[in-house]
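A.B. asks: Got a structure here, written out as structure tokens. Questions coming.
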Amino acid sequence: MSDIDVPATPATAATPAAAPPAEAPFVPPRLRWLRKHPTLIVGALLLIAVAALSIAAPWIATHDPQDIDPLARMQLPSAEHWFGTDALGRDVFSRAVWGGRVSMIVGASVALLATFFGVALGLVAGFVRWADGPIMRVMDGLMAIPGILLAIALMAVTRASLTTVIIAITVPEIPRVVRLVRSLALTLREQLFVEAAHAVGTRLPVILVRHVLPNTVAPLIVQATFVAAAAVLTEAALSFLGVGVPSQTPSWGNMMAEGRNFVAVAFHIILYPGLLLAATVLAINLLGDGLRDALDPRLARQL
């Protein structure tokens, strides 16, 4: 019997093998993390740019910020004076980059000082029951007064200088940190690892430093950025009102105060320091929002 050729049918025909799914391109973990937190990156880059201008002021300033030229009063931006000149003929660009140093020093100093004292008082209030009431009543009293008014009152009884401005702004910011740290301490003192440390006889200062303080770092970093942003704004407001750093010191608040009477004829005197101030505060707030999202474990799991 001869073999009979049977035509291939769809059932018997060989089906082509399915193409393997395309592999996703490999993305390094660090780059993946950066993509998840664009707000943090934008804020950090903007803050670095403003800080770089301030740090490099001695090298990039085109004129001495204190040089007065009566023949060049209120000139518009030009090749010689990039941001124009003010009512005394001083170069606005040079004063603006030098003025950024004041804002950066005030913001960083206030954030560090308020965090240091706020952590110390907040931990004591959270773990030492007899000290909780007096500390929090003082903090409530400070928070009842608007921060700018309290700073003005402190400046009114002290000599105008950069140091007194930092102290005057720091005092109203401490209660914000104290309340945050106290709330964290009240939660942490009920945790098993803290109770176990108490049970084995560990001294309270050791417990606070070794077990409690590390668990407050992430929220404190975020809070410190918001304190720094508020400090920069408050310093500019104090200088604008004439109770901040000495008037001869280049600062964004002083520059805007000097240029407010000439807005109609020389708007650039107040425009450029105002833009730099807004960019700095925006950068710090974006950085704080990005750090909050990056350091919050619940948000990290959602991302």
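Positions of Cβ are set from backbone N, Cα and C atoms, glycine also.
Heads up, TrEMBL stuff is auto-annotated, nobody curated it.
According to TrEMBL, the protein has these features:
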type: REGION; residues: 1-21; note: region 'Disordered'
type: COMPBIAS; residues: 7-17; note: compositional bias 'Low complexity'
type: TRANSMEM; residues: 40-61; note: transmembrane segment
type: TRANSMEM; residues: 104-128; note: transmembrane segment
type: DOMAIN; residues: 104-288; note: domain 'ABC transmembrane type-1'
type: TRANSMEM; residues: 148-171; note: transmembrane segment
type: TRANSMEM; residues: 220-241; note: transmembrane segment
type: TRANSMEM; residues: 262-287; note: transmembrane segment
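Walk me through where these features lie, including what they touch and how far apart they are.
C.D. replies: Panel annotation: around the transmembrane segment (104-128), residues 50-51, 54, 135-136, 139, 162, 165-166, 169-170, 173-186, 188-189, 204, 207-208, 212-213, 216, 220, 223-225, 227-229, 231-232, 235, 280, 284 of the same chain, lying at least six beyond its termini, place a Cβ under 8 Å from a Cβ of the stretch.
Distant neighbours of the transmembrane segment (262-287): 39-40, 42-44, 46-47, 50, 53, 74, 76-77, 83-84, 86-87, 92-93, 95-96, 99-100, 103-104, 107, 225-226, 228-229, 232-233, 236, 252-253, 255-256; these residues of the same chain sit at least 6 beyond its ends, with a Cβ under 8 Å from one of its Cβ atoms.
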A.B. asks: Do any residues, 6 or more residues outside the transmembrane segment (220-241), come within under 8 Å Cβ-to-Cβ of it, and if so which ones?
C.D. replies: 102-103, 106-112, 114-115, 119, 147-148, 151-152, 155, 165, 168-170, 173, 176-177, 180-181, 251-254, 256-257, 277, 280-281, 284-285, 287-288, 291-292, 295
A.B. asks: Do any residues of this chain, six or more beyond the ends of the transmembrane segment (148-171), have a C-beta under 8 angstroms from a C-beta of it, and if so which?
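C.D. replies: Residues 102, 105-106, 109-110, 113-114, 117, 142, 231, 234-235, 237-238, 241, 243-246, 249 contact the transmembrane segment (148-171) from elsewhere in the chain.
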